[in-house]
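Worksheet: one structure, shown below.
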């Protein structure tokens with residue numbers, strides 16, 4: 001086999017594999033969207049119907065059915081996810097800078113934070129519920145922001161530490177020689193250079209917070225219910241409203257998809273830059 005044929009076969013095989021993987025990963029999302037557009041009879045039909053007359057009744061149920069405040073759930077998730085992403089950057093970037101440049105907490109803080117991230121979330125569910133019940137944070141957006149912030153601190157520290165280690169230290173040394181303080185250097189030198197890392201941390205935190213279910217279920221009752229818990233409300237004692245569940249999930253995917261598209265150029269660069277030595 002000649003080199004040209006081998007390259008053609010190799011390229012064709014790579015594209016075929018990519019196409020198969022794309023179909024496999026896209027099928028659940030596509031099936032969910034199709035289910036949301038089917039009537040209840042079409043959803044329960046056997047074999048499944050792939051050609052049908054679309055309906056938007058399930059989307060109407062999601063937003064307008066009595067007892068379901070899905071618009072509020074959606075707003076809660078957006079506010080909580082954005083607030084958590086912003087606060088995580090504010091907390092973790094200075095902390096990572098202190099760890100890398102001044103060695104503060106390098107021996108204990110970073111390993112301890114990573115160790116906490118390895119524990120299953122259910123380990124903290126009951127303690128958080130007890131503390132929140134006593135402090136008045138139960139069923140509040142602030143409470144969910146705090147719990148998701150604490151859960152994502154290890155991820156933010158790891159990414160920012162790896163990223164700052166790759167930044168040229170000469171720029172910071174020049175700023176120090178010109179009389180800049182550590183805070184001024186962080187704000188005027190490190191922060192602008194850390195945009196890719198900030199984008200990576202922001203998008204990963206947003207997606208994690210948006211998809212979080214356990215704490216959103218245990219620490220909310222009514223006011224701060226998020227979209228993940230709201231979608232589960234369509235699972236009733238009389239059965240699962242599959243069309244409404246699919247419509248709720250389809251709507252819930254849109255904000256994370258838009259946010260990911262907006263900052264995707266920072267994601268790969270922010271994650272991989274610190275991995276190259």
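Here the Cβ of each residue, glycine as well, is placed from N, Cα and C on the backbone.
Automatic, uncurated: that is what TrEMBL annotation is.
Annotation comment: TrEMBL describes 74-263 as domain 'ABC transmembrane type-1'.
According to TrEMBL, the feature transmembrane segment maps to 12-34 (among others).
Long-range Cβ contacts of the transmembrane segment (73-97) within its own chain (Cβ-Cβ under 8 Å, at least 6 residues beyond either end) map to 105, 109, 141, 144-145, 148-149, 152-153, 156-157, 160-161, 163-164, 186, 190-191, 194, 198, 201-203, 205-206, 209-210, 224-230, 251-252, 255. Per TrEMBL, transmembrane segment is recorded for 73-97 (among others).
Annotation source TrEMBL lists transmembrane segment at 109-132 (among others).
Outside the transmembrane segment (144-165), and at least 6 residues removed from its termini, the chain residues within Cβ reach (under 8 Å) are 76, 80, 83-84, 87-89, 91-93, 95-97, 99-101, 110, 113-114, 116-117, 121, 124, 128, 137, 190, 194, 196-197, 200-201, 204-205, 208-209, 212, 215-216, 219-220, 224, 226, 270-271, 273-275. As annotated by TrEMBL, transmembrane segment applies to 144-165 (among others).
Annotated transmembrane segment per TrEMBL: 185-207 (among others), in sequence order.
Nonlocal intrachain contacts for the transmembrane segment (214-239), taken as residues 6+ away from its ends with a CB within less than 8 angstroms of a stretch CB, comprise 68-70, 72-74, 76-77, 80, 121-122, 125, 128-129, 132, 137-141, 143-144, 147-148, 151, 245, 248-249, 251-252. For 214-239 (among others), the entry in TrEMBL reads transmembrane segment.
The feature transmembrane segment is assigned by TrEMBL to 245-268 (among others).
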